[in-house]
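See below for the structure under consideration.
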Amino acid sequence: MPNRRNIYFFYKKDPNLQSHIDELYELAGKNGFNVISDQKEANIIISIGGDGSFLQAVRKTGFREDCLYAGISTLSSPSLYCDFHIEDKHHMIEAMTLEKIEVRRYPVLSAMIDNTTSFYCLNELSVRSAIIKTFVMDVYIDDLHFETFRGDGMIVATPTGSTAYNKSVNGSVVDPMLPCMQVSELASLNNNKYRTLGSSFILSSSRTLTLKVVQDGNDYPIIGMDNEAVSIQHVEQIVIQLTDKRIKTVKLKDNSFWEKVKRTFL
Ligand code: NAP
């Protein structure tokens with residue numbers, strides 16, 4: 001990575017981490033990297049924590065396409081977004097300086113709420129009722145009214161998000177080399193009056209998913225974007241698409257998505 005030299009470290013202040021952070025700064029300097037305090041000047045952004053920290057690092061730095069993101073895990077092992085481990089810093093520097101890494105590109109979703117506010121998501125967008133009352137949405141695929149959903153809510157996951165919330169509701173794990181989005185239900189009501197597909201479905205990158213919230217008083221859902229949530233009153237519709245934006249992350253040569261899935265779940 002001879003042309004990428006400016007590193008920004010993203011982490012929560014934690015006295016237990018400080019000695020690791022100091023060591024990382026020192027190692028970076030010794031190996032010809034500049035540690036930057038303003039993320040705008042960085043071309044490498046490294047999160048320290050877990051997958052949750054990686055998601056925050058990407059969100060707080062604006063889903064930058066001109067940067068390479070990497071995750072250093074402080075948990076018991078590397079995780080889905082973190083290829084490196086805090087106890088193995090030398091491995092990371094060695095991988096970066098000896099060009100042992102490849103770049104992988106992760107698809108990102110965009111969600112537009114009521115034609116005014118738009119957000120990106122690396123894991124998923126979730127829409128859930130904020131009250132103990134079923135939540136009703138008309139689900140459109142492109143212009144087709146596909147179903148009327150009644151239940152707790154829905155999750156729309158990217159391929160890398162497929163191993164997170166989506167997996168907990170029995171969604172499929174999707175190879176990030178397939179740019180697509182997966183729609184999964186949260187506790188749909190299914191009876192003679194209300195009917196939904198009942199299984200997760202996967203949409204190609206050229207589809208648009210529109211969720212029209214039925215205005216029956218329960219129109220103040222919690223909208224989750226990865227690990228952040230917004231509550232917007234009187235939401236009428238959410239338009240979700242896969243974008244052309246890609247988050248570039250480092251990939252060690254012996255650490256494919258499926259190796260990580262195996263390591264994490266099997
Ligand atoms: P959290 O509630 O503290 O932890 C959620 C867990 O999911 C953590 O163990 C996290 O890993 C892991 N995780 C995050 N992204 C993942 C991915 N792409 N593949 C596999 N595991 C993943 O929240 P958080 O750490 O800030 O993460 C936010 C995510 O939590 C959301 O995007 C959503 O997917 C997930 N979530 C899951 C459920 C559920 O399964 N019922 C409910 C709400 C939210 P680390 O420990 O490495 O951070």
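Heads up, the Cβ atoms here are built off N, Cα and C, so glycines get one too.
In the record from TrEMBL, residues Asp51, Gly52, Asn123, Glu124, Arg150, Asp152, Thr163, Ala164, Tyr165, Asn166, Lys167, Ser168 bind NAD(+); the candidate from Ala28, Ala95, Ala187, Ala229 listed for the same site is Ala187. Taking every pair among Asp51, Gly52, Asn123, Glu124, Arg150, Asp152, Thr163, Ala164, Tyr165, Asn166, Lys167, Ser168, Ala187, the residues listed as contacting NAD(+), the largest Cα to Cα separation comes to 31 Å.
Set side by side, the recorded positions Asp51, Tyr165 differ in how many other CB atoms lie within 10 angstroms of their CB, and the most is found at Asp51. Selection of the recorded positions Asp51, Asn123, Arg150, Thr163, Lys167 by a Cβ distance under 6 Å from ligand 1 yields, in sequence order, Asp51, Asn123, Thr163. Between the CA atoms of Thr163 (NAD(+) binding site) and Asp51 (active site, proton acceptor) there is a gap of 11 Å, rounded to the nearest whole number.
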